[in-house]
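Down below is the structure, laid out as structure tokens.
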Amino acid sequence: MIRHALLIFSILVSTPIVGEGATSTYEPTDVFLFNCGDTSNNVDVSGRNWTAENQKILSSNLVNASFTAQASYQESGVSQIPYMTARIFRSEFTYSFPVTPGSNFLRLYFYPTRYGSQFNAVKSFFSVKVNGFTLLNNFSADLTVKASKPQTEFIIKEFIIPVYQTLNLTFTPSLDSLAFVNGIEIVSIPNRFYSKGGFDDVITNVGSSVDFHIENSTAFETVYRLNVGGKTVGDSGMFRRWVSDDEIILSESSGISPIVPDIKINYTEKTPSYVAPDDVYATSRSMGNADHPEQNLNFNLTWLFTVDAGFSYLVRLHFCETLSEVNKEGQRVFSIFIENQTATLEMDVFRMSGGSWIPMYLDYTVIAGSGSGRRHDLRLDLHPLVSINPKYYDAILNGVEILKMNDPDGNLAGPNPDPLVSPDLIPNRATPRIRKNKSHILPITLAVVGSLVVLAMFVVGVLVIMKKKKKSKPSTNSSWCPLPHGTDSTNTKPAKSLPADLCRRFSIFEIKSATNDFEDKLIIGVGGFGSVYKGQIDGGATLVAVKRLEITSNQGAKEFETELEMLSKLRHVHLVSLIGYCDEDNEMVLVYEYMPHGTLKDHLFRRDKTSDPPLSWKRRLEICIGAARGLQYLHTGAKYTIIHRDIKTTNILLDENFVTKVSDFGLSRVGPTSASQTHVSTVVKGTFGYLDPEYYRRQVLTEKSDVYSFGVVLLEVLCCRPIRMQSVPPEQADLIRWVKSNYRRGTVDQIIDSDLSADITSTSLEKFCEIAVRCVQDRGMERPPMNDVVWALEFALQLHETAKKKNDNVESLDLMPSGEVGTTTDGEDDLFSRTTGHVGKSTTTDDSVLVVGDERSGSSWGVFSEINEPKAR
């Protein structure tokens, strides 16, 4: 169930807010409400005073950069103030607000409609910045409103901005567009209100043993603020709106909202009255089933929050024990899970708060998603903790706040959402509605509706008949189809080598036969796309891997189509081969060649170390070389550069002969298509830990992003440990930093996989580490192309085999395609380079010499790829 975050701040301003939280005592030092484009002060329906813009806050280029206009039409539910007037910007325009130093709520009000003949806000795209923070980038208020659920006509964007003297708010129209705003609200908030932590002054970093610290200079965007189990309420201090969670909670596990008699919330110094109003702490959602509490063990209380992937989020949970039957510790205890990770194992509200009707709140931080899509469903689950044998198998929650934190570049902007329905099916809000005579409209409407009903009944009848015929004669044959789909062929004979632009189209009957109707015991892998089954086709003659799209998959049909199109046109010994696909009966299935030896990760992190032997150093090098050649082909062997975007150990497969196959092309992207392009700009997708930091920061994608991910794989191959670990000293927690640190000190041999200590040779290790560390440089321009990576890995293998044969102990060697060897420096990349001159004159610390192809005349060069003489594509 996907609900867009926009519903939170699209509350009808015309509806009076109930339950104002009378006990709120915070009085903000600054409260500004500006009705943009208006020339006089006005009062809105809730009694708040909005002032007209004045010269003190307006930019000096007022006349040239902007103009004001009135909305041509007022939709039902849209209030007069502040939405019926707007300031519209032709060019960059800045408001300057003198405010008291500290953090402030900044709320921007937008009503995308037509404003006279001069401006249609539906076509408006613009950016908004405040004091160095990017709040919105190429923002479309119209697309944002259309994607809201439930549908609204306007949107309020709320931010929290640290201000030291002046709040400078800048609107910048996108190319060939105009910017606009209807209202601006600024409200100061208590010192460190969202940065100090929960009532216990702690911010739990989900998935880490180290608590999180939020700097006072951090900016936030409010994404959700929920009154769990209750109705929409407000508070008088900071004018926040707490929205019902009915649209967010999963319907199948919605629990109950207990009705509690009038109670008094006992606020404390740790949880003062301005944290949340009475109505939030007096209402809640619990699991219920008092007569059969054991049923609560079969499900969770679950909320799904649709957010922008790739950002860090502050999740604030509000609790208050209001059930009179819970009157001592240990009676209602539950666990909190965020993003399927344990946030709090043992949550006892009565014990932690100090008793009944005493509110408390806890703060957590989490990174949402893996950059694999524009949107991500951040998941919150509550489940009874059985291990301590509580009196009630139950859980409770009163309120939720979710705030997005700015990234290292000061960015809070996410991409524009896709509309939930086709724009052609949405009434055009940009055109004022013409009020016609109702006496003419009614008979026309009845006639149209009647015709549509008859037509719909006819279509349904035809579909039912066709479905019955289809069931009586099921399709059992596959066909070969070009992409996009063409006329089916009756040829079902499997081909040894598929044409580059063809793949086999299976019937759902064949797929179910191949997998025993998707039998669970045949599952050999699970990923973001869905489950992968081991199957047999063509009467058991061919083993295949069958990847089935799950309905709840975050990746979905777009990635299905991407992988189908990519792999149907790409053929390489080190790319997994696509045999075919199926898209019948609402199923999306891809069929690949079967990889008996599974993934590289399976062999690095062996489950049964007694029966599964470790990979030798030679085997690891061969696997890495195969994967590198596959990437090299993607980057330089096709018509255009193809960027994989999700290179990791689980996407490197091994066949029966341990030949490497790069897999999973659902996130792949075609790179620059002309010489004038150096990159493509795109939403960040990939897997954290493997994600190129430069790509993450700038959203600029090049083939060097794949190089970074592959470098992380090389480090895993070398050290055989996860990218991030918690049960180690802080300096060892991050694999990349840990290896770089040891690389600088010359102690990499002390952190390699213990299974390699007696197998790996020093010269091979040095060359391998050199190229691996170069791959994971922070700046893309400092990383090598895949041509160089392949060459270096092949050289590392040659050094290993030579040393094994001759039993030499060469301490140092470097080789460059130019025939020159670099001199020693203190930089990371040159730690192992201690030789000078031609490669034929390499000297080592023990005076032994290894001559490898002096002046490229030796035969040893034959073991390397032809990329020693790289040619332009």
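Cβ coordinates come from backbone N, Cα and C, glycine included.
Residues annotated as topological domain 'Extracellular' in Swiss-Prot: 22-445.
Summarising the annotation, Swiss-Prot assigns N-linked glycosylation site to N49 (among others). Secondary structure at N49 (N-linked glycosylation site), as computed by DSSP, is strand. Sequence-distant contacts of N49 (N-linked glycosylation site), defined by Cβ-Cβ distance under 8 angstroms and a gap of at least six in the same chain, are L33, N41, N42, V43.
Annotated N-linked glycosylation site per Swiss-Prot: N64 (among others), in sequence order. According to DSSP, N64 (N-linked glycosylation site) is assigned to a helical segment.
Annotation comment: Swiss-Prot describes N138 (among others) as N-linked glycosylation site. Taking all protein chains in view, 14 other C-beta atoms sit within 10 angstroms of the C-beta of N138 (N-linked glycosylation site). According to DSSP, N138 (N-linked glycosylation site) is assigned to a strand segment.
Residues annotated as N-linked glycosylation site in Swiss-Prot: N168 (among others). N168 (N-linked glycosylation site) is surrounded by 15 other CB atoms, counting those within 10 A of its CB over all protein chains shown.
Annotated N-linked glycosylation site per Swiss-Prot: N216 (among others), in sequence order, evidence recorded as sequence analysis. Other Cβ atoms within 10 Å of the Cβ of N216 (N-linked glycosylation site), summed over all protein chains shown, number 11.
Taking Cβ-Cβ distances under 8 Å and a sequence gap of 6 or more within the same chain, the neighbours of N266 (N-linked glycosylation site) are G355, W357, I358, P359. Positions annotated as N-linked glycosylation site by Swiss-Prot: N266 (among others).
In the three-state DSSP classification, N300 (N-linked glycosylation site) falls within coil. Swiss-Prot lists N300 (among others) with the feature N-linked glycosylation site, giving sequence analysis as the kind of evidence.
Reduced to three states, the DSSP call for N340 (N-linked glycosylation site) is coil. Cβ neighbour count for N340 (N-linked glycosylation site) (all protein chains, 10 Å cutoff from its Cβ): 9. The annotation N-linked glycosylation site is assigned in Swiss-Prot to N340 (among others) on the grounds of sequence analysis.
The annotation N-linked glycosylation site is assigned in Swiss-Prot to N437 (among others) on the grounds of sequence analysis.
Here Swiss-Prot flags 446-466 as transmembrane segment.
What Swiss-Prot records for 467-873 is topological domain 'Cytoplasmic', and it gives sequence analysis as the kind of evidence.
In the structure as shown, the Cβ atom of V526 (ATP binding site) sits within 10 Å of 10 other Cβ atoms. Summarising the annotation, Swiss-Prot assigns ATP binding site to I524, G525, V526, G527, G528, F529, G530, S531, V532, K547 and lists sequence analysis as the type of evidence.
In the three-state DSSP reading, D646 (active site, proton acceptor) counts as coil. Counting every protein chain shown, 27 other Cβ atoms lie within 10 Å of the Cβ of D646 (active site, proton acceptor). The feature active site, proton acceptor is assigned by Swiss-Prot to D646.
The feature compositional bias 'Polar residues' is assigned by Swiss-Prot to 833-843.
Annotation: N300 carries the greatest number of neighbouring Cβ atoms among the glycosylation sites N64, N300 [cut-off 10 Å, Cβ to Cβ]. Classification of N266 (N-linked glycosylation site) by DSSP places it in coil, neither helical nor stranded. Residue with the densest Cβ environment among the binding-site residues I524, V532: V532, by other Cβ atoms within 10 Å. In the three-state DSSP reading, I524 (ATP binding site) counts as strand. Neighbours of G530 (ATP binding site), defined as other CB atoms within 10 A of its CB across all chains, total 22. A distance of 46 Å separates the Cα atom of N216 (N-linked glycosylation site) from that of V532 (ATP binding site). Distance from the CA of N340 (N-linked glycosylation site) to the CA of N300 (N-linked glycosylation site) is 12 Å. Comparing CA positions across the recorded positions I524, V526, V532, D646, the one lying closest to N64 (N-linked glycosylation site) turns out to be D646.
If you take every residue in the topological domain 'Cytoplasmic' (467-873) and average the pLDDT, you get 74.
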